[in-house]
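The structure under discussion appears below in the form of structure tokens.
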Amino acid sequence: MSRYLHTLLKAIDLQVRSGLANPEIKNLSTDSREIEKGDLFLGLDGEKVDGGTFWAKAIERGACAAIISKKASLLNPPTNEDPVVILPEPVSLFMGKLAADFWGKPSSEICLIGITGTNGKTTTSFLIEFLTTSLGHPSALFGTLINRWPNYEETSKYTTTFAVPLQAKLRKAVQAGVEYGAMEVSSHALSQNRVAGCDFNGAIFTNLSRDHLDYHDSMESYFEAKASLFRSHLIDDDGPRSVINIDDKWGSILAKELNKKCWTCSLKENSQIREKPDLYISNLQIMQDGYMGKLHTPFGVGNFISPLIGEFNLMNMLQAIGILVQRGLPLNDLLEALNKFPGVPGRMQLINMDGFKVKDGYPLVIVDYAHTPDGLQNALIASRSLTKKRLICVFGCGGDRDKGKRSKMGEVAAKFADYIVVTSDNPRQEDPIEIIKDIQKGITIDSEISVEPERSIAIQFAIAKAKKNDVVLIAGKGHEDYQILKDQTIYFDDREQARKALSLRTDVI
């Protein structure tokens, strides 16, 4: 795809200065080192370095023009003869809309659904992709684990891709025949305008609990970032285009603001916002391998069987089906497909369950991505429902991240687990022992606890210690296959470590 510079500038409401050339643009690039001939260089403003200062190197490498911020132009001033456009504000504010226009506004050609919240985004997005595909609608998935569409799949580097590659991926998905798209939308992405230029047909608010307070100043700031998906990026019309979890305090606030532009959903039949939630569950029965019950929507009621474990997954299921019913898909067809959902890697993943049974004498081992206090609590409660004896929890906290949540996660583990093994997660530049000390501040003195900074040894210890009918929950990393130690990233997979520990174990009955 190609466009001309002047056309793109007008698309973001910028006047074209006199004498500026109007070259044909072959592609967009934010990295001066990866420029190819005919590319338009976009000088992205970074936390430490303003990429716009490298405009001259981009031109040398073949860029037909560069767009930079005023700040970058002061650090490395261009002349009037240079093919450089100077923006009054950071380039990131314009990048999403510019990229969307360059790629022909691909999101407007599909039903794009955004999912935001602290926990539940990945499972909900996987559900949406699976259900729409099962009903014969080719779908795309953009999120924490993978980006994929028909005949293409790649491992994700970010929960939400940056604006320029995101629009390119959307165009490729449209070219592959996609009708629906499920996109995880992080608070970082919303704060950094990565989804500017995306037209969302629908949006889901899963929940909000403590996370990323190293980036956001407060829970209020964190909420404002999440809420911007519903205020600024949804297609604006009179009908409801969102589904909001009102069992969550912040969700209730958002639902009251959106009013009739949203459907409320709750695991309770009564609502403080409306007489009844728009989406809710009744006649719930817990089974060994999931749940069954009735799902209520404004468009009808249907019986469901869900293979997902944990009450929090009932909310994920309710929201995924709710948004698709809201967008016009038939409820009964969605509920029929639900029973075949294969689950999500690293999300309440049962490592050694075979035909709903665990080898005699062995514990059940579960790997989950839970890395926030709320997420850990949900995973522990779900794991408790599967154990007949002790619940053992292995977890740590990431380094160079929100330190305030560490003691809270220790407090949660002490409250809901019978035995705790505190270990490392991704310590990054911090000392693992110091992180563990922060976690221990929230753990009561009478708790049964072991400390082992080496994560592989901690997993092996917990599984060796567990007995028949115990459950071992390994929390924090889920699908991740790496560990970050100082400046080194090593291969590490909790699921592989768990299987190895199980194979080394002698029967303890």
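Just so it is clear, glycine is given a Cβ too, placed from its N, Cα and C backbone atoms.
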Per Swiss-Prot record, range annotated motif 'Meso-diaminopimelate recognition motif' [choices 29-32, 325-328, 425-428]:
425-428
Determine which of Arg401, Arg499 appears in Swiss-Prot for the same meso-2,6-diaminopimelate site as Asp425, Asn426, Pro427, Arg428, Gly476, Glu480.
Arg401
Roughly how many angstrom lie between the C-alpha atoms of Thr123 (ATP binding site) and Arg428 (meso-2,6-diaminopimelate binding site)?
27
Any same-chain residues 6+ apart from Arg428 (meso-2,6-diaminopimelate binding site) with CB under 8 Å of its CB? Would you list them in sequence order, or say none?
Gly398, Gly399, Asp400, Arg401, Ile484, Leu485, Lys486
Measuring Cα to Cα, how many angstrom lie between Thr122 (ATP binding site) and Pro427 (meso-2,6-diaminopimelate binding site)?
24
Looking at the binding-site residues Asp425, Asn426, Pro427, Gly476, whose Cα is closest in space to that of Lys121 (ATP binding site)?
Gly476
Are there any residues at least 6 positions away along the chain from Gly120 (ATP binding site) with a Cβ closer than 8 Å to its Cβ? List them or say none.
Thr206, Asn207, Phe312, Met315, Asn316, Gln319
Taking the mean position of the Cβ atoms of Arg401, Asp425, Asn426, Pro427, Arg428, Gly476, Glu480 as the meso-2,6-diaminopimelate site, which residues outside that list, in the same chain, have a Cβ no more than 8 Å away, listed in sequence order?
His371, Gly396, Cys397, Gly398, Gly399, Ser424, Lys477, Gln483, Ile484
Using Cβ-Cβ distances, find the residues under 8 Å from Asn119 (ATP binding site) that belong to the same chain and are at least 6 apart in sequence, listing them in sequence order.
Thr206, Asn207, Ser209, Phe312, Ala370, Thr372, Asp374, Gly375, Asn378
